[in-house]
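Pulled from Swiss-Prot, these are the features on record:
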type     : residues                                                           : note
ACT_SITE : Cys49                                                              : active site, nucleophile
BINDING  : Thr48, Cys49, Tyr50, Arg51, Ser103, Glu108, Pro109, Gln110, Gln114 : substrate binding site
BINDING  : Gly183, Ala184, Gly185, Glu186, Met187, Ala188                     : NADP(+) binding site
SITE     : His93                                                              : site 'Important for activity'
Amino acid sequence: MLVAVGLNQKGATVADREVLALPAEGFQSTLAEYAALDAVDEIAVMSTCYRVEIYAATRCPAAATLSLRQALNARAGRELPLFELHGEEAYRHLVRVASSLESAILGEPQILGQVKEAFQRSIDQGVAAKELTSVLNRALSAAKRVRTDTAIGRAGISWGHAAATLAEKVLGKMQGRRVVVVGAGEMARLSAQHLRDQGARIVVLNRTLVNGEALAREVGGVARPLEALGEELAQADVVVSAAPVAPDAFQPEAMAELSRSRKRPIVLVDLAVPRAIPAATGAIRDVYLCDVDDLDRVMKAAMSERAAAVADADRIIAEEVGKFVRAEAERRAAPLIQEMRTRASAIAREEVERTLRRLGEDPEVERRLEAMAGSIVSKILHAPSARLRQAVCDGCSGEALVSAAVEIFELSADIRVHRGNAA
């Protein structure tokens, strides 16, 4: 059975997470220690800035999660707010993580690779094998379906996302566009980061050049003094104004003259309140002005898209979890059902042979009797097999039925049913 134990940004502080974080130099030895814990058959550890989560395959969930909890608390030297999940809930959580539904930023693309890397490390080290490999492949397939079939990857809601969305409506893709960001504060930084991520070339203008240079380094752009605004307006495709500027910097008369000489569109994004750019400037030909109200409308639309994307993702994940549960039930019930069918088939074969001894050798009769016996075995065991698979899924409520089947059919198969979920 799959179990998960760990903590993440939703229920644990940075201080809690950092004591469990696995540095690269000690990763292999710590992974080996966890793999050697009581009742742990296979193991994978995901360690990022937002989460430290252990996924394990085990035949004894209660013992495995207890040993994992004890090991993690011992590593921290204190009791940690660890979560614990069993079976389908552990798998559901893994798919949500891989789909970025559990990320600090919904839709962020890095998490899928991080999940794959975490499991691959364990596979390479020999502490994860068939069961966790199967879980990983299923989870990655489900997460890719979420990203392909929903708008999760497009559901950003930052100021930068809104600014880029409005600019793209006018100019098309931001790849290679020259974007001038006025200011070096938080609004400027968020806008610069997102536009950089869209492929734009960033120029930061700031009254205090050293602050502008710091932001420029962060986004891979260049910094210039605020006095260069006039020169930059002649070259820019997009200007994001996130700091006070000279009163005449964006005056309609100056912008009209600039527009005539440029002969191409320019998008002005005014993030200031009160506004730094006069509304009349937006009426000039080839000048497209957006203010915070325009950005707010884009962000609300993105939030609505995100809510719809999450709902779509949850539906897909529910389907994928259902497939996982059915596959797990089939896998775990298979030894019991196989033994039951083998015993029934052996009895049927004995009766066929006894009948043939009375009737004498006749290949056609033998063929018909064997076909009839096989059909009877399949039909008699169809319902019991289906109920046993369901009993394995039902956990404790189905344990009595599994035990009864073992007793009634005199089976020796060792099968442990699901012992329930823990959140």
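One-based numbering along the chain as shown.
For all residues, glycine too, the Cβ spot is worked out from N, Cα and C.
Feature map: Swiss-Prot annotations on the structure.
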residue	record	CB count, 10 Å
Thr48	substrate binding site	20
Tyr50	substrate binding site	22
Pro109	substrate binding site	12
Gln114	substrate binding site	16
Gly183	NADP(+) binding site	27
Ala184	NADP(+) binding site	26
Gly185	NADP(+) binding site	13
Glu186	NADP(+) binding site	10
Met187	NADP(+) binding site	21
Ala188	NADP(+) binding site	26
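When the CA atoms are compared, no recorded positions among the candidates Thr48, His93, Ser103, Pro109, Gln114 lie within 10 A of Gly183 (NADP(+) binding site). Note: the CA-CA distance between Tyr50 (substrate binding site) and His93 (site 'Important for activity') rounds to 15 Å. For Cys49 (active site, nucleophile), the same-chain residues that are 6 or more apart in sequence and have a Cβ closer than 8 Å to its Cβ are Arg17, Ala21. The two recorded residues, His93 (site 'Important for activity') and Met187 (NADP(+) binding site), show a Cα separation of 33 Å. Around Ser103 (substrate binding site), the same-chain residues six or more apart in sequence whose CB sits under 8 Å from its CB are Tyr50, Val97, Ile111, listed in sequence order. For the NADP(+) site, the Cβ centre of Gly183, Ala184, Gly185, Glu186, Met187, Ala188 serves as reference, and the other residues of the chain with Cβ at most 8 Å from it are Val181, Arg189, Leu190, Ser191, Leu215, Ala242, Ala243. Taking every pair among Thr48, Cys49, Tyr50, Arg51, Ser103, Glu108, Pro109, Gln110, Gln114, the residues recorded as binding substrate, the greatest CA to CA distance is 16 Å.
Looking only at the binding-site residues Thr48, Pro109, Gln114, the one with its C-alpha closest to Met187 (NADP(+) binding site) is Pro109. Other C-beta atoms found within 10 angstroms of the C-beta of His93 (site 'Important for activity') number 22, with every protein chain shown included.
The closest partner of Ala188 (NADP(+) binding site) among the binding-site residues, by CA position, is Pro109; the full candidate set was Thr48, Pro109, Gln114.
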